Each structure stands twice: as structure tokens, then as C-alpha cells.
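J.: The following block contains the structure, expressed as C-alpha cells.
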């Protein structure tokens, strides 16, 4: 499918849905803010991955060459704090949880990024960016840190709509700041923390700087689309724009933000204790069903989790799966065809997946009627179109990804990667006789539906009432 009809996307910076015109014809460059690998992933984390995987798949279906960069934040305050609390090296903590995120994305068939840079691998580029900002008069040193001078950039607030007098960075009071609205580019060295040498002394990067430097390294000074969760609009993305453009870069031309997964109207968050872990969800539903559910709402909408909504999604997915199996059994092989015009119109209209799904189920109803009437050609056309459309959404029931393996085994394999990360931390806590932490990890796993049994061969885990590994 190479027809490139007009694609319209909601640009947060413009505040409207507008025509998407790539910087280079036929090519699209995308940067997605990936995980801060401080803990295990929950479904709120992976919704962003699914939402923008659909964008990527749609662009590929339209014939575009897509460069898709998703970073890993592997050095950050929360990572350092949690690693220290667990008595583990920060780099080990980050690497362990990075593997868990990779397993979660893979379980839901989120396409691997073109590149997945880690923040710690791009310190040189970050230092170079700070040097440019200082030379341009947009950054200064103070108290061992380096800060961005917010008042030096008159366009500050263009993404979030924040008025300059209302800006609160959430960094707390710092003696080295000229103005408390300024934000940190580089943090001076502290005892027990990792640090790198710079012209301003040893230290480590600020969170906002990391993404600007990595995006530029892989996509150049200007690129098409920057994606992320809506909670990143301010201050993270606002600060990325300010520092990148102040350094002379055009940076992102479109800004897309996905809504949260909520429970009881509140954002799913570990700090609120209302998370649904990937192990728990993969115990209850198949990976393809979970992906269907996470992608079913419009990407900019909040996705309020409920058991009823989850089961409705499972029922809808199984209905499509059953239809495709009926056609294959009664008619023959079903190859992916082309999406219908209504499906294409829906995705071209700011990725309106709910309308696209309505079209898919309309085609299924037509196909069932054709099959019941003995119209095998009509049923096959419907089935082929459904395969194409569901493939773009990343959950085609007849795709080899889901058909060529036992999905239960696949889900257990993904869960095993996630659980082993926690079991490793528990074993290290036990070695250090930190029984409170070991018990806390065991309790956390149990709340996620995982029972841990200590044996002579080491800890074994099992799903409550299910399989053992």
C-alpha cells in the first residue's frame, strides 16, 4: 500500500489537528521518549509503546521509510535512589529493568526501534550541547551545576502554554540558580553517585538534556515527530524545545502525546499504588488481546481500566479471530489484502483507532453474512481486508507472530523475564541479609499473581493456581 493520502495529526504545539508534511518526502523521522528504567513495567508504561507503534505501522503501510528512535533513560534520580535502597549498583539496576521493558514490548509485538540509545552512551554529545548553550548566552554555571536560563529564551512555554510567571520546574530551591524558574542541564558531582568529567567539573546529566542530545545524534538538528505521554508535556518536553532551539536546532516539527491508563479516574502510577503489572495482565489475557485493548481507545484519550472493558476487548478480538478461522477452514488460505477506504480515512484522521475498529467489525459482519450465504469469494475478501487492517494495529490473529507458537507459552516466557529480574534482586537482598527487602519483593510479586517458593535448587515461581517455572 503506497497511496499517501493526506494524513492529519494533532500537534500539541499548535493545539490543533493539522496536515502532516514530512521534512523529506517519503521519509519520516520519529523520536519517542522511552522508559526511565527504575522498576518493572506496568500497562500504563506500555500503552505509549503500543500507541506509537500503530503510528509507525500506518506510516510503513503508506509506503514511508521510517526512522524510529526510542531512548532508554538509564541515569536519573529515581534510578539512583532505588538502586541505593536495594543495595545494588545503579548500572545493574538500570540494565535489569531495561531487559524487563524489552520483554514487555516484545510480548505485545511492538516493533523494535531503529535505534535504542542509552543516555549514558551519549555524554559527549550532551557536553557539546551545553557548550553551545553557554556560548550563546542561554546557560550558566552555578554551585557546581549548569543551568538553562529560561528568561533568555522568549518563546518558553510555547508547547505547554505555561506563562513564564507560573513556571515551576519541580527541582526545588538551588543556591546556584539565578532564577528558580531555570532548570538543570548538568548536576555537579555528589558522593556515591556516578559522574563524568566536563569543563565545569565532574557530574552527571539532567534528564531534559539527555533526550535533546540523543534525538539530535540520531535524527539530526531537525526531525519530524516527537512522541511521549501527556505527562511529559511540561516540564520535560517544554525544556527539550527550549534548550534545543536555543542551541540553534529546529528540533521536532510535530508533537504527539498519548493519554494515560487510569484507574478510578487517576493516572496509573506506582506512587499511587494502582498499577497493573505486565505479569499480572499476561496471566489473565493473551498478549494479542492485551495489545488490542491498549490500542482500542484513541491515543489521546484516557484509557480507564476496568475488568468489564478488558473482557469486552477480549470478546471483540476473539470474534475477529473466530471469523478468520472459519473462513480459513471453509474456504482456504487467507492472505492479507488491502485496508478498506473507511479504515484508511480513520487512521489518516489523527489515528482514529475506535473508528477504524468499528470498520473492521463492520467488515466482519459482512463477511459472516457472506460465509453463511455460501459466498466464499465475498467472505475471503472480507477476511483478507481484516488481516490487513488488524496487521496495521499489530494484532492480526493469523499473523505468524501469534499463530506459530503457543501464546500461553509465549506469555509465560515474557513473564519469566520480568519475574527473574525481581528474583535476582531478592536473592541479592537475602545474600546481604536484608530480609525486609527480600520479603517486600516477595510480597510485591504475590500481589502481581506470582507465588515464590524457595527450594534447594533456588527460588521457583508459579502463577497462583497455574504453571510453575
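Numbering starts at 1 and runs along the chain as it is shown here.
From the backbone N, Cα and C atoms, a Cβ is placed for every residue, glycine too.
The feature Zn(2+) binding site is assigned by Swiss-Prot to 33, 211, 236, 240, with similarity to another entry given as support. If you look up Swiss-Prot, you'll see 35-45 marked as motif ''HIGH' region'. The motif ''KMSKS' region' annotation in Swiss-Prot covers 267-271. Under the heading ATP binding site, Swiss-Prot lists 270.
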J.: For the motif ''KMSKS' region' (267-271), what's the model's average pLDDT?
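T.: Reported value for the motif ''KMSKS' region' (267-271) is a mean pLDDT of 75.
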J.: Taking 8 Å from the centroid of the Cβ atoms of 33, 211, 236, 240 as the cut-off, which other residues in that chain fall inside it around the Zn(2+) site?
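T.: My list of surrounding residues reads 207, 208, 210, 212, 226, 228, 232, 237, 239.
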J.: Tally the residues of the motif ''HIGH' region' (35-45) by DSSP class, grouping H, G and I as helix, E and B as strand, and everything else as coil.
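T.: For the motif ''HIGH' region' (35-45), the helix, strand and coil counts are 3 helix, 2 strand, 6 coil.
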J.: With every protein chain in view, what's the tally of Cβ atoms within 10 Å of the Cβ of residue 240 (Zn(2+) binding site), excluding that atom itself?
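T.: Step by step: centre on the Cβ of residue 240 (Zn(2+) binding site), count other Cβ atoms within 10 Å, giving 27.
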J.: Counting only other Cβ atoms and using a 10 Å cut-off, which of the binding-site residues 33, 211 scores lowest?
T.: 33
